[in-house]
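J.: One structure coming up, written as structure tokens, with questions to follow.
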Amino acid sequence: MRSLTIRRPDDWHLHLRDGAMLEGVIGDTSRHFARAIIMPNLVPPVVTTADAEAYRQRILAAVPKGDRFEPLMTLYLTEQTSPDDVEEGKTTGLITAVKLYPAGATTNSHGGVRDLDKAMPVLERMAKIGLPLCVHGEVTTPEVDIFDREAVFIDTVLDPLRRRLPELKVTMEHVTTSDGIDYILSADSNLAGSITTHHLIINRNAILVGGIRPHYYCLPVAKRESHRLALRRAATSGDSRFFLGTDSAPHVDPLKECGCGCAGIYTSINTMSCLAHVFEEDEALERLEAFVSLNGPAWYGLQPNDEMITLVRRDAPVAFPAKIETGAGPVTVFDPMFPIHWDVEAAIQA
């Protein structure tokens with residue numbers, strides 16, 4: 001196959017940051033993606049509908065002229081979150097989901113939930129009104145090995161929560177393990193998972209073999225090869241419970257290349273090209289559209305995009321920049337460590 005035309009994709013997990021960084025990265029998403037669920041872990045975090053509306057306006061103001069892009073806003077769940085404010089956000093259409101960060105699990109998560117019981121009034125209201133909970137599925141207790149955090153979270157936090165509140169709709173974000181895939185597949189309803197571009201491509205060797213390579217460090221951290229292959233099978237299967245959430249997370253290089261570097265990989269600029277390679281390699285190009293354009297909207301109760309994009313397979317590898325320059329500083333672009341031949345040629349208006 002030399003070309004593939006699909007509905008314009010969406011990104012169901014995206015970090016845009018704010019200020020100069022937002023202005024520097026938004027175009028890499030809006031060029032290809034029609035919508036994205038925007039993560040709320042700013043400093044300070046997006047905890048109220050007023051915060052979300054203000055952030056939404058900043059995002060829209062930064063979208064390059066001519067691009068059509070809709071940010072889908074989320075709230076950062078705290079133990080003080082107001083159920084009424086959450087319901088108002090859902091009613092007005094401002095809020096697409098609420099995000100659960102276990103305290104300390106990832107970048108700017110120190111204000112997250114420590115005692116889930118204190119957040120139950122909000123979760124119960126969300127279940128009642130049909131608002132999804134997006135979860136960063138890792139425990140942060142120091143006695144748990146970092147490579148086991150997801151599996152332990154499922155057993156000790158997520159499964160008990162879903163048994164307690166089975167009507168709550170839950171998105172397991174950036175699934176990284178076969179445990180997570182199997183748990184989603186075992187569920188009857190109200191559970192789905194997003195999968196990142198980079199977790200389909202790298203395993204933990206990318207971070208550790210031949211020296212520490214900080215630009216492959218993210219949270220949840222990449223796991224062993226058997227888990228990567230489980231993610232590949234899920235993503236390329238066409239199963240409607242799995243969809244793209246890039247977790248593209250820009251950090252300026254000095255914050256990555258240091259003694260205690262930040263977690264995050266920047267993939268927005270080359271995600272569609274990388275995914276076309278992955279799906280072609282797994283003989284599943286005909287299911288790429290489901291993963292990037294159809295399954296996510298269906299899960300979140302939205303219509304697929306009317307616009308289309310065309311991917312073309314070039315004879316020569318497509319060149320992507322090693323870094324992008326932003327007003328905040330340089331950001332290294334994800335290197336998949338293979339030649340990329342697929343290119344997004346055109347976005348077609350409906």
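Quick reminder: no glycine exception, Cβ is built from N, Cα and C everywhere.
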J.: Return the residue out of K99, K118, K169 that Swiss-Prot annotates for the same Zn(2+) 1 site as H13, H15, D247.
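T.: For the Zn(2+) 1 site that includes H13, H15, D247, Swiss-Prot also lists K99.
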J.: So of L16, A263, which of the binding-site residues has the fewest other Cβ atoms within 10 Å around its own Cβ?
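T.: Counting other Cβ atoms within 10 Å of each of the binding-site residues L16, A263 gives the minimum at A263.
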J.: Measuring CB to CB from H13 (Zn(2+) 1 binding site), give everything in the same chain under 8 Å that is also at least six residues away in sequence.
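T.: Expected: A36, I37, M39, C134, E173, H174, S194, T196, G245, T246, D247.
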J.: Enter the number of other CB atoms within 10 angstroms of the CB of K99 (Zn(2+) 1 binding site).
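T.: That number is 25.
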J.: Among the binding-site residues H15, R17, H136, L219, H251, which residue has its Cβ surrounded by the fewest other Cβ atoms within 10 Å?
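T.: So among H15, R17, H136, L219, H251, the binding-site residues given, the one with the fewest Cβ atoms within 10 Å is L219.
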